[in-house]
């Protein structure tokens with residue numbers, strides 16, 4: 001086999017600051033789900049979600065390290081820079097969610113009734129879960145686009161915000177299916193249509209960026225993304241007005257939480273969560289629109 005003019009293995013994949021961060025991600029992720037699986041334990045949807053986050057992030061991180069170390073990522077039909085930047089942001093959001101949920105539902109001060117050993121394992125798992133979040137956030141910080149730099153789209157603030165927008169939309173959808181009574185009025189159904197449309201288009205934008213297929217489009221991708229973001233701001237602004245009116249105005253809903261509403265099964269609680277994250281996503285789209293005016297990127301990095 002003839003030499004390609006360089007080393008076959010890319011040692012920078014594990015010795016650079018980003019590579020070290022990924023090695024720590026792999027280590028902390030493995031430690032977290034191992035502690036939980038061995039003695040910490042998990043149950044219900046919350047525990048299952050946390051275990052999924054830790055195992056999924058661990059598996060993808062191992063895949064990224066292996067591909068970069070062996071240079072096999074050049075054989076994949078992906079825009080590698082977009083893929084790694086998007087995953088780092090997604091893993092940051094997922095890991096911080098799991099780092100909050102697991103100790104909230106499974107960690108306690110006393111030993112009764114789970115026993116001191118199980119309690120200690122759960123505390124240790126929570127600590128490693130927090131460290132895991134820090135390492136993923138560190139990768140996002142290290143790989144983010146600098147002002148004036150030409151880079152992959154998902155490494156820009158606008159690209160990273162796309163991941164956050166989709167993640168927030170998933171939270172909204174989770175609250176919608178939790179007996180939010182959104183089908184009660186046509187106006188609230190419009191809000192659901194807004195959330196769904198913006199989520200789908202945002203995912204499509206991320207997918208085209210990650211797969212590196214933006215150059216194949218017959219229309220200018222960058223301009224279309226900015227136009228879509230402007231439209232999303234208008235759509236979310238309408239939802240930010242309509243949803244609170246039809247959920248919390250006394251003419252249509254309830255301005256205060258009903259006293260007899262069961263905890264965890266109260267439509268008012270779900271409506272409040274949706275209202276809060278509607279404003280969060282509106283702010284994210286406004287920031288996205290502002291940052292998208294001054295970015296330059298290439299889709300094939």
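Glycine residues also receive a Cβ, built from the backbone N, Cα and C atoms like all the rest.
Summarising the annotation, TrEMBL assigns domain 'MARVEL' to 13-148 (among others).
According to TrEMBL, the feature transmembrane segment maps to 44-66 (among others).
Within its own chain, the transmembrane segment (78-101) is flanked in space by residues 25, 46, 49-50, 53-54, 56-57, 60-61, 64, 67, 126, 129-130, 132-133, 136-137, 139-140, 143-144, 151-155, 159-160, 163-164, 167, 206, 209-212, 299-301, which lie at least six positions past its ends and keep a Cβ under 8 Å from the stretch. For 78-101 (among others), the entry in TrEMBL reads transmembrane segment.
Residues annotated as transmembrane segment in TrEMBL: 121-142 (among others). Counting same-chain residues at least six beyond the ends of the transmembrane segment (121-142), those with a Cβ under 8 angstroms from any Cβ of the stretch are 17-18, 21-22, 24-25, 28-29, 31-32, 35-36, 38-41, 50, 54, 57, 85, 88-89, 91-92, 95-96, 98-99, 102-103, 106-107, 114, 160.
Look at TrEMBL and you will find 153-297 (among others) tagged as domain 'MARVEL'. Per-residue confidence over the domain 'MARVEL' (153-297) averages 92 (mean pLDDT, predicted model).
Feature annotation from TrEMBL assigns transmembrane segment to 154-177 (among others).
Sequence-distant contacts of the transmembrane segment (192-218) (same chain, at least 6 residues past either end, Cβ-Cβ under 8 Å): 77-79, 82-83, 86, 152-154, 159, 162-163, 165-166, 169-170, 172-173, 176, 182, 224-225, 228, 232, 235-236, 238-239, 278, 281, 285, 299-300. What TrEMBL lists as transmembrane segment is 192-218 (among others).
Sequence annotations record features per position, and here TrEMBL assigns transmembrane segment to 225-246 (among others).
Under the heading transmembrane segment, TrEMBL lists 272-291 (among others). Counting only same-chain residues 6+ beyond the ends of the transmembrane segment (272-291), those with a CB under 8 A from a CB of the stretch are 156-158, 161-162, 164-165, 168-169, 171-172, 175-176, 180, 191, 195, 198, 226, 229-230, 232-233, 236-237, 239-240, 243-244, 247-248, 257.
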Based on DSSP, tally up the residues of the domain 'MARVEL' (13-148) by helix, strand and coil. 113 helix, 0 strand, 23 coil
